[in-house]
Amino acid sequence: MDLEFLKDFHRKRVQLLADAGPDLIAFETVPNKLEAQKEILIYFRYVEPIMLIQAFTQLLDEENIKVPAWISFNSKDGVNVVSGDPISECASVADSCKRVLLVGINCTPPRFIHNLILDVKKVTSKPIVIYPNSGENYDADRKEWVQNTGVPDEDFVSYVHNWCEAGAALVGGCCRTTPNTIRGIYETLRGKTANLN
């Protein structure tokens, strides 16, 4: 697997998305498991996130995609993306692309977000978008979420001010957050303006 293979695999998808006229293209939870032909699915287990990020950023430039984008990563340990690459290295690659307007963190337990924001801030001046999960654990063998392993909505929302003070410009919720979580974020940030410069 090499960079050209990844770019060729994603080229048509990125162009189709851009041609549909969205306001923004979000490349999230990098690397992402795609539903595709069986043999293509296999490679996503082994591809290095840095190479996938390079493929996305180079495609945006090579295809002259005018639609702005963001790239977000997830972490299971608060330092690295899931594959083990440091989040700062991944964010640095995303930062190098002019078409990527925001760099972010998603589908990551709330307890890790603050330090990840600080790590990302070291390598980019672009706005940081965060949308953590509830912190619940997923049991891959049983293919289900383990109840009572995450944080309740009120605890999740209690982190929001600290995340913004650390540098988050946009805040939302990912897996296992609820409408009450989003409502709580809204109430916490009501009247504040995102710094997207």
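Even glycines carry a Cβ here, placed using N, Cα and C.
Annotated domain 'Hcy-binding' per TrEMBL: 1-189, in sequence order. Per TrEMBL, the feature Zn(2+) binding site maps to Cys107, Cys174, Cys175.
Where TrEMBL records a feature, it is marked here on the structure.
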residue : record              : Cβ neighbours (10 Å)
Cys107  : Zn(2+) binding site : 20
Cys174  : Zn(2+) binding site : 19
Cys175  : Zn(2+) binding site : 18
Determine the mean pLDDT over the domain 'Hcy-binding' (1-189), rounding to the nearest whole number.
85
Other than Cys107, Cys174, Cys175, the chain contributes near Zn(2+) (Cβ within 8 Å of their centroid) the residues Thr29, Asn74, Asn106, Thr108, Tyr131, Pro132, Asn133, Ser134, Gly173, Arg176, Thr177
